[in-house]
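**Student:** So TrEMBL lists these for the protein:
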DOMAIN    3-38  domain 'Galactokinase N-terminal'
DOMAIN    84-172  domain 'GHMP kinase N-terminal'
BINDING   P112, L113, G114, A115, G116, L117, G118, S119, S120, A121, A122  ATP binding site
ACT_SITE  D164  active site, proton acceptor
DOMAIN    235-302  domain 'GHMP kinase C-terminal'
Amino acid sequence: MVTASAPGKVYLFGEHAVVYGEPAVPCAIDRRARVTVERRADDHLRVHAEDLSLDGFTVEYGGTASGDPDVDVPQSLVEAATGYVDAAVEQAREAADAPDAGFDITIESEIPLGAGLGSSAAVTAAGIYAAAEELGADLSTDEVAERAYSAELAVQEGNASRADTFCSATGGAVRVEGDDCRSLDAPDLPFVVGFDGGAGDTGALVAGVRELKNSYDFAADTVAAVGDLVRSGEAALAAGDLAELGELMNFNHGLLSALGVSSRSLDAMVWAARDAGALGAKLTGAGGGGCVVALDETEETETALRYLPGCEETFRAELDTEGVRVE
Ligand code: MEV
């Protein structure tokens, strides 16, 4: 039996635009997904998940993702979770040259599903690492990142950048531009996260931005403007200039709103954070609902979000410099 974990993340800058080759800077945070994998005698997968914005569920099905899980929770949530697990197992089977390997899998996650904190990338990276390890294949971090990207690409039907999976695999602050993925030096970043209890559909949101970009020049210009902003953000990060980082986060949120991926509750949390004196605040991840990230060294933003109607949870997050690991 092997347990592996990988961190979730917030986007300091650049989500959505990164899908079109612009740079992005996601940062791993100290909330992890843990995946425990035990080899079975047959080729079935049995998946038990807890804390993925679900009450918990167990599904068992034969061989591949084509099974029809019979469970008592919304099918869309089960498919969202098991789709990534299936794809992760497929990658591990391939890496270990064990195409018929079956597993009992337990997922425990501190990261809500579909909320912009990278739960799917964390589950995918940890799942690949644990399953490969259980089959005797010791994967390097780079191999996990590469295979996690392939898995996400398959589940999201070609609509994925390398940003989420590279960040979860390596940890820390990273910069991703197309195929070029690297780690960045970062100062202490006083992240405050607000969660509205909801979730966005990443595939649909990415497809929506693609359609907007194909239909309107302003949207293509907005995507390019996010890229310019990220380049300024990198300089601010290198200089440790938190005030400038905050201002650029505010601009980034405005550009994401223009691309149609914010929501009333995300905007409300962003404005509550700014009113409380945060250096900056923006939605994080695909949007549509889920989480915002703010920069604030004081307690004010956390307090303001805690009492904001519609904000279900708020917490302070630290940069996590450790990526995927065996527990
Ligand atoms: C989702 O966490 C981030 C997006 O940029 C999609 C991706 O990069 O694959 C919206």
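Glycine residues also receive a Cβ, built from the backbone N, Cα and C atoms like all the rest.
TrEMBL: automatically predicted annotations, no manual curation.
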**Student:** Can you figure out which of P112, G116, G118, S120 (the binding-site residues) comes closest in space to D164 (active site, proton acceptor), comparing Cα atoms?
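**Tutor:** Nearest candidate: G118.
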**Student:** Near ligand 1, meaning Cβ under 6 Å from any of its atoms: which of the recorded positions P112, G114, S120, A122, D164 fit that description?
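**Tutor:** Among the recorded positions listed, those whose Cβ sits under 6 Å from ligand 1 are D164.
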**Student:** Can you work out the mean pLDDT of the predicted model over the domain 'GHMP kinase C-terminal' (235-302)?
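**Tutor:** Averaged over the domain 'GHMP kinase C-terminal' (235-302), the predicted model reaches a pLDDT of 97.
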**Student:** Report, as numbers and ranges, every residue of the chain located at least six residues beyond the domain 'Galactokinase N-terminal' (3-38) whose Cβ falls under 8 Å of a Cβ in that stretch; write 'none' if there are none.
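**Tutor:** For the domain 'Galactokinase N-terminal' (3-38), the nonlocal Cβ contacts are 85, 88, 103-111, 116-119, 121-123, 125-127, 129-131, 133-134, 159-161, 163-164, 167-178, 184, 186, 189, 191, 193, 205-206, 209-210, 213, 223-224, 226-227, 229-231, 233-234, 237, 245, 248-249, 252, 256, 259, 261, 282, 284-287, 291, 293, 317-327.
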**Student:** Within the same chain, and leaving aside P112, L113, G114, A115, G116, L117, G118, S119, S120, A121, A122, name every residue whose CB is within 8 angstroms of the centroid of the CB atoms belonging to the recorded ATP site, in sequence order.
**Tutor:** G8, I111, G285, G290
**Student:** For G118 (ATP binding site), what residues in its own chain, 6 or more apart in sequence, show a Cβ-Cβ distance under 8 Å?
**Tutor:** P7, G8, K9, P26, I111, D164, C167, S168, G285
**Student:** Need the DSSP three-state call for G114 (ATP binding site) to compare against my parser.
**Tutor:** coil
**Student:** My understanding is the cutoff is Cβ-Cβ under 8 Å with a sequence separation of 6 or more in the same chain; which residues meet that for G116 (ATP binding site)?
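**Tutor:** Result: V10, Y11, G200, L283, T284, G285, A286, G287, G290, C291.
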**Student:** What is the one among the binding-site residues P112, G114, S120, A122 whose Cβ has the most other Cβ atoms less than or equal to 10 Å away?
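**Tutor:** Comparing the binding-site residues P112, G114, S120, A122, the most crowded Cβ belongs to A122.
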**Student:** Among all protein chains shown, how many Cβ atoms are found within 10 Å of the Cβ of D164 (active site, proton acceptor), not counting that one?
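**Tutor:** Excluding its own Cβ, the number within 10 Å is 31.
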**Student:** Could you count the residues of the domain 'Galactokinase N-terminal' (3-38) that DSSP puts in helix, in strand and in coil?
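**Tutor:** Reading the DSSP string over the domain 'Galactokinase N-terminal' (3-38) gives 4 helix, 26 strand, 6 coil.
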